[in-house]
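Quick notes on the structure that follows.
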Amino acid sequence: MEPGSDDFLPPPECPVFEPSWAEFRDPLGYIAKIRPIAEKSGICKIRPPADWQPPFAVEVDNFRFTPRIQRLNELEIVVEEGGYEAICKDRRWARVAQRLNYPPGKNIGSLLRSHYERIVYPYEMYQSGANLVQCNTRPFDNEEKDKEYKPHSIPLRQSVQPSKFNSYGRRAKRLQPDPEPTEEDIEKNPELKKLQIYGAGPKMMGLGLMAKDKTLRKKDKEGPECPPTVVVKEESGGDVKVESTSPKTFLESKEELSHSPEPCTKMTMRLRRNHSNAQFIESYVCRMCSRGDEDDKLLLCDGCDDNYHIFCLLPPLPEIPKGVWRCPKCVMAECKRPPEAFGFEQATREYTLQSFGEMADSFKADYSNMPVHMVPTELVEKEFWRLVNSIEEDVTVEYGADIHSKEFGSGFPVSDSKRHLTPEEEEYATSGWNLNVMPVLEQSVLCHINADISGMKVPWLYVGMVFSAFCWHIEDHWSYSINYLHWGEPKTWYGVPSLAAEHLEEVMKKLTPELFDSQPDLLHQLVTLMNPNTLMSHGVPVVRTNQCAGEFVITFPRAYHSGFNQGYNFAEAVNFCTADWLPAGRQCIEHYRRLRRYCVFSHEELICKMAACPEKLDLNLAAAVHKEMFIMVQEERRLRKALLEKGITEAEREAFELLPDDERQCIKCKTTCFLSALACYDCPDGLVCLSHINDLCKCSSSRQYLRYRYTLDELPAMLHKLKVRAESFDTWANKVRVALEVEDGRKRSLEELRALESEARERRFPNSELLQRLKNCLSEAEACVSRALGLVSGQEAGPHRVAGLQMTLAELRAFLDQMNNLPCAMHQIGDVKGILEQVEAYQAEAREALASLPSSPGLLQSLLERGRQLGVEVPEAQQLQRQVEQARWLDEVKRTLAPSARRGTLAVMRGLLVAGASVAPSPAVDKAQAELQELLTIAERWEEKAHLCLEARQKHPPATLEAIIHEAENIPVHLPNIQALKEALAKARAWIADVDEIQNGDHYPCLDDLEGLVAVGRDLPVGLEELRQLELQVLTAHSWREKASKTFLKKNSCYTLLEVLCPCADAGSDSTKRSRWMEKELGLYKSDTELLGLSAQDLRDPGSVIVAFKEGEQKEKEGILQLRRTNSAKPSPLASPNTSSSATSICVCGQVPAGVGALQCDLCQDWFHGRCVSVPRLLSSPRPSPTSSPLLAWWEWDTKFLCPLCMRSRRPRLETILALLVALQRLPVRLPEGEALQCLTERAISWQGRARQALAFEDVTALLGRLAELRQRLQAEPRPEEPPTYPSTPAFDPLREGSGKDMPKVQGLLENGDSVTSPEKVAPGEGSDLELLSSLLPQLTGPVLELPEATRAPLEELMLEGDLLEVTLDENHSIWQLLQAGKPPDLARIRTLLELEKAERHGSRARGRALERRRRRKVDRGGEGDDPAREELEPKRVRSSWPEAEEAHEEEELEEETGGEGPPQPLPATGSPSTQENQNGLEPALGASSGSSVPFSTLTPRLHMSCPQQPPQQQL
């Protein structure tokens, strides 16, 4: 495939390995195991086990680095076509233009040639050194220097300064600056100051100061420039090397100096070490042509003051350039400076991991125009190689490469004192796969190098982004490398096996010859990137892989590899060397010698260091070191022999390991010497290895001498120690083989075998098959000894030994054979033989006893016990055990079935049958089993009968159950269901006794007692006739209570029936009443005992109930009086809002009532919102027709308001209550509610009698007569157009005239004085009556009667007591009208009631219309919908949260249940019989009530019968 092709074909995948946990525990062992397969590919990938996930240990916040800049299109088209000269020679510029996609024609090739020659070609000439060929070079500018190796190792490593910690000597000193020569400040040195060398012009060579002005002969400089500080160093051979001390480039130096505020008089210089050289005579002649003519064309170098004709330079310059100019030699010298990074330039910005990741992800997302995680790896790979080959697109990326882990921290946990590690981190910190640990493992060669070689022993970190790449290279010293990707996107690798390394180098040289001509070791500089397809097209085998997070990639010795990153990631890499690497390491040194490349460490020193301590070496490593050492000694002998043949006999010992690396390097091949080197007395600054003895110097051989580390006699001694160490395994293996095979006929003792195993462990022999056999033999022998000791101790333990640990007779014999076959002697064999003899004797005795059956059970049992003490299972012992078990089973059956024995359970019987199946068969056993089975069958049948009786829905009478129990008594088995049936029958008898006792008592039974008996009777599995009677009584009692509840309780009432019937116990506490009203949970109501203050036992005594009720009446009255005083002291909501008081009224809604719309309760004197409570209706009284009935007076309007806290029930009429009492008399059950109802009735009748008595007084009768006369006079007078006014009589009621036709309709809607109006019964147009009432209010005057205080006070007290009664009485209404007539009309309340009624009617009509529309829509759709909910038609107060708002509907239901008994009516109007009686006198009307047809005396005997012991004065 051509390099310029757009399609990239991925190479085949490299091998991928997934080790098991057992394999993964030995890293280098596993790598050695896969090496035969993976080495053929050069690289491989290893996926650790899924559970191996090391934590990321880098301190992210403190991790800062500066990446390198990479440009992807470094190999360009011209280089690919063979270079500038080749293209010009073959006239291929048109081909170049075609490859650059320019259109043919138009002389594009010529234009490209001119641009290339002007811009790029000078750089290529500089790179190749062609512009220095004709230069009259100084002695150091020779050909050898041009090809001298540029120190870089991997160049990126060289650009990073070594660690501040223990650096390995050679590398650390190589990168450290030379020892600083003496520096002098010219200003401070008077001798130097006299020289006056500040201006332009030639300077003395010895001072090393150069003139800055390159246009020396032109005087057009605009101002003085500060000359750069330069250093002239004299080399050992008299050479002079000019170096700039500034690390910046020339342009940067110029820019910095031109802006520097420092004066141009301060210089730093280095004094020469040797002043014996001849003085340099400066002349203004061209260094190329050695002529001085045409001085206007002479160009002065700003670095070395050499002169050049601009036309002599290659390529020539058209004119003298402006600014700083350096000659080719100075440019070459500057570029050869070791401290400068070769390869990719360093970026200027410092990144953190977060900022670099944001930059990397942003770049990739912008470049690919899609999310970074969605870009396919194949697409990135193709795009990368397209960009590498492209010259049109200049894509620049940054790569955080070669970051020193010692300074920035490793990605793996490291065991150091900086921070405490968790147990999980500690595990990974010591793992062999931790890249900080792997290079220094015991099997690794690098662990024998003390110094931390950066990049080899100390890992480096790599932070990559998309397209950031690493070029084709092999590792230093051809070592292994391992790379772990901690996290991030994949890293793509390409690898070439070591067998094809030279082939790859040849292809590279063939494709880019110019680069390799100038730099033979180009592939060692990590700056060469070539398309894998190009290599494959030339026959180089290439493999690839994508390394994902958590995976390892291993490169093998001399395996070329390269790759790039798919995106933002973080990797870590390190080198390691194993025993198999040693031959490759030696070959690498020879290869470095040919390339004159520096070594990272001395291979000879490493071998000798390992050979000096052979006992510390791994056995395989010792064998490999011995082999390498032998080759090295042979070569050393040959080289030293060549020295003798040359006549060099002088020698001295030298500890080369103590010398810095740069002081023991061969000046020819740059190899680091260790075993020996050749030096010269006259040239002390240089030495050579023994392979280049002819390249040291020109001095005589007599002046040269050998510097050696070891003598030729010491090297064989070291070699011998290695051999002993390497062959020690063979000696040991021979001993082990003889011991295991018993070749000499003598079994070794256990101690001898343990000594051999201990020797292998101490000398770290490899885990071979022979060692495993020895360990297995020892393990087996120790197990046999332990088992034999256990056998002996088991006999001593006797019957207390664990049964599961016994061995069989066959196992005992096999165990003895095993001990005899082991290759070691054990004295426990005799003990085992003795036990075997005892067991065989016992076996013979047991056989004899079994042959003479039936034997006595005692004899069999004794034999069995003796066998157990032996500790060995004998087959005959099992037969003895079965015979003993048979005898025991028969005895147990006999005891169980004996008549005198305790009855056994069914489980016991079944257990005996199951156990009998496992005993030895015999006729006696069969007979016993048959008897057991028959008995068990009968018992189960009766048990099933009892179970059916207990579980059946149809309960059986007690007589039936008694018969079943009697028949089951004859079975000698304990039957649980029969026993349960007995217990149920006993409970039934006890229950019947309790029923008889409670029914025959002095009093009727209480409902709670009956309910308890019913609940118990229902749970009994016995048919009870009495239960049905009790259930009927309880049902009747519940029905009566439900009927009473409907009569008294409002819908959703928060009170219980008993609470309503009893006096209000908390009438004096406003807060308690109010909180009770707000309570919605019925489960929190007070119990009966709390209401009456009696115990459960006292509630069964009717006398106690009556006494408690009487006490409750008194407490209720006292409480309400206290509450009235408290509430009267509260400010009125109708008063001024500025009135401030700590005690304010609170409505049932929880808010403070204020302003118009507030009503005051006539009983408790508290204030409420009119919209939150049920209010009276003004026109609640029935009306005559306009022609027959007079108008009502204002005192007859219904303005009386009782709050829901005082009016707790519906307050039925006395007639309804008497009907309930009649039904109660027929109940044979006592209820707390019934007795409370009797007390309430007696209290109401008592109050009614007192009220009638008060109304019958003469003064009261006279007042009532006046009201009757006034009513008659109003009836007889004609109706005027305007309502008349009178000072002492009530105003006429225009509503009675104008809307008399509507009164029957209104009367039908008003029940019990309640204000609830049903929208079905009110026409939408009604409302004129309310308007008439509103217009009449300003003309109302009063009072119409004058009530003396002596008359008013008793009536008000009676009114108070009557309002406390939860019963409606006509006398209450009469007293109310009389009191109202004696007071002025309450206009504020009347207005409030009118406004509330108007608002209510308006809301009812709106809801009625909406409901009618909904009903019509449903009918139109054809659906048969139910009638809308009643709550939707009721007014706002009905739908409120207060239960009283919905009592109207329940009152209608109450009428139907009580036979048409309606709510209480007010005092009859004129024209009725009662009115006629009142006109003639009130006495007849007060003498009888509408409900007096049922005298109370007929009801009281029930209550009196309940308490015959009470004295007459306490009875009602």
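Glycine is treated like the rest: Cβ placed from N, Cα and C.
Annotated Fe cation-binding residues in Swiss-Prot are His473, Glu475, and among His404, His420, His538, His561 the one listed with them is His561. Region 'Disordered' is the annotation Swiss-Prot gives to one range among 634-665, 1274-1305, and that range is 1274-1305. Those residues of the chain, other than His473, Glu475, His561, with a C-beta within 8 angstroms of the mean position of the Fe cation site C-beta atoms are Trp472, Ile474, Ser481, Thr555, Ala559, Tyr560, Ser562.
Counting every protein chain shown, the Cβ of Asn483 (2-oxoglutarate binding site) has 25 other Cβ atoms within 10 Å.
It is 12 Å from the Cα atom of Ser481 (2-oxoglutarate binding site) to that of His473 (Fe cation binding site). In the predicted model, residues of the domain 'JmjC' (427-593) average a pLDDT of 88.
Sequence-distant contacts of the domain 'JmjN' (14-55) (same chain, at least 6 residues past either end, Cβ-Cβ under 8 Å): 411-413, 424-425, 428, 431-434, 438, 441, 443-444, 480, 493, 495-500, 543-545, 547, 550-556, 559-561, 576, 578, 580. Long-range C-beta contacts of His561 (Fe cation binding site), restricted to its own chain and to partners at least six residues apart, with a cutoff below 8 Å, comprise Gly42, Ile43, Trp472, His473, Ile474, Trp493, Tyr494, Gly495, Val496, Thr555.
Each of the binding-site residues His473, Lys491 was scored by other CB atoms within 10 A of its CB, and the lowest score goes to His473.
Residue annotation for 2-oxoglutarate gives Tyr399, Ser481, Asn483, Lys491. The furthest Cα pair among them is separated by 20 Å.
Remark: Glu475 (Fe cation binding site) has Ser481, Thr555, Pro557, Asn575 as non-local neighbours, by Cβ distance under 8 Å and separation of at least 6 in sequence. Counted with DSSP, the zinc finger (666-718) comes out as 14 helix, 14 strand, 25 coil. Every protein chain shown contributes to the tally, and the Cβ of Tyr399 (2-oxoglutarate binding site) ends up with 22 other Cβ atoms within 10 Å.
Shown for the compositional bias 'Basic residues' (1404-1419): DSSP residue counts in helix, strand and coil, namely 16 helix, 0 strand, 0 coil.
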